[in-house]
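Q: Take this structure, written in structure tokens, and hold onto it; I'll ask about it next.
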């Protein structure tokens, strides 16, 4: 019995202009054929499955909301515990860093690390910032906005990450 090691030419990635899961947040979790050519997946495969690449983009891995009264960041950090996360505010930026040491999973050993930096609006009250991690791995960073003309208090400080036992209430986009 022959086993094909290389995909046929029409199922291979066609270069940097086509979406691929190789370098996104799911690195190390496997790559599917429909991730390489999502626009052809419905024509090639009789059993069409929605591309995970498109689903992930639509779900809002990192979502920033800024309305009149509040500034909120939602970030999917399901592979990290609160002890693995560092959240700090420095001047007009919030920096979220996650790192866990090498651990074993289904496919071998893996270690993960990310660093995100977001600009805070100038009218966010930095003394009232909060950060929590839901049971389903959604990090929520939020802060109220102050009325214009008041000092928002810009200094460097760490924001503790609290753990919630319920899943996130963040609606998907």
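The backbone N, Cα and C atoms fix where each Cβ goes, and this holds for glycine too.
Annotations for this protein, taken from Swiss-Prot, read as follows:
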- 1: N-acetylmethionine (MOD_RES)
- 6: deamidated glutamine (MOD_RES)
- 50: deamidated glutamine (MOD_RES)
- 90: deamidated glutamine (MOD_RES)
- 100, 102: Zn(2+) 1 binding site (BINDING)
- 107: Zn(2+) 2 binding site (BINDING)
- 123: deamidated asparagine (MOD_RES)
- 147: deamidated glutamine (MOD_RES)
- 154: Zn(2+) 3 binding site (BINDING)
- 162: O-linked glycosylation site (CARBOHYD)
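What's the neighbourhood like for these features in this structure?
A: In the shown protein chains, 14 other C-beta atoms lie within 10 A of the C-beta of residue 90 (deamidated glutamine).
A strand conformation is recorded for residue 102 (Zn(2+) 1 binding site) in the three-state DSSP classification. Cβ neighbours of residue 102 (Zn(2+) 1 binding site) (same chain, under 8 Å, six or more residues apart in sequence): 109, 110, 111.
Secondary structure from DSSP puts residue 107 (Zn(2+) 2 binding site) in coil.
The secondary structure of residue 123 (deamidated asparagine), as reduced to three states from DSSP, is coil rather than helix or strand. The Cβ neighbour count for residue 123 (deamidated asparagine), using a 10 Å radius and every protein chain shown, is 17.
The Cβ of residue 147 (deamidated glutamine) has 7 other Cβ atoms within 10 Å, all protein chains considered.
Other Cβ atoms within 10 Å of the Cβ of residue 162 (O-linked glycosylation site), summed over all protein chains shown, number 11. The secondary structure of residue 162 (O-linked glycosylation site), as reduced to three states from DSSP, is extended strand.
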Q: Fill in the CA-CA distance, residue 107 (Zn(2+) 2 binding site) to residue 90 (deamidated glutamine), as an integer in Å.
A: 38
Q: What kind of secondary structure is residue 147 (deamidated glutamine) part of, going by DSSP in three states?
A: coil
Q: Sorry to bug you, but what's the C-alpha spacing from residue 147 (deamidated glutamine) to residue 123 (deamidated asparagine), rounded to the closest Å?
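A: Computed Cα spacing between residue 123 (deamidated asparagine) and residue 147 (deamidated glutamine) is 7 Å.
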Q: Rounded to the nearest Å, what's the C-alpha distance separating residue 147 (deamidated glutamine) and residue 90 (deamidated glutamine)? Just drop the number here, would you?
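A: A Cα-Cα distance of 21 Å.
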Q: Sorry to bug you, but what's the C-alpha spacing from residue 90 (deamidated glutamine) to residue 162 (O-linked glycosylation site), rounded to the closest Å?
A: 20
Q: Pop the Cα-Cα gap between residue 90 (deamidated glutamine) and residue 100 (Zn(2+) 1 binding site) into the table, whole Å please.
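A: The Cα atom of residue 100 (Zn(2+) 1 binding site) is 23 Å away from the Cα atom of residue 90 (deamidated glutamine).
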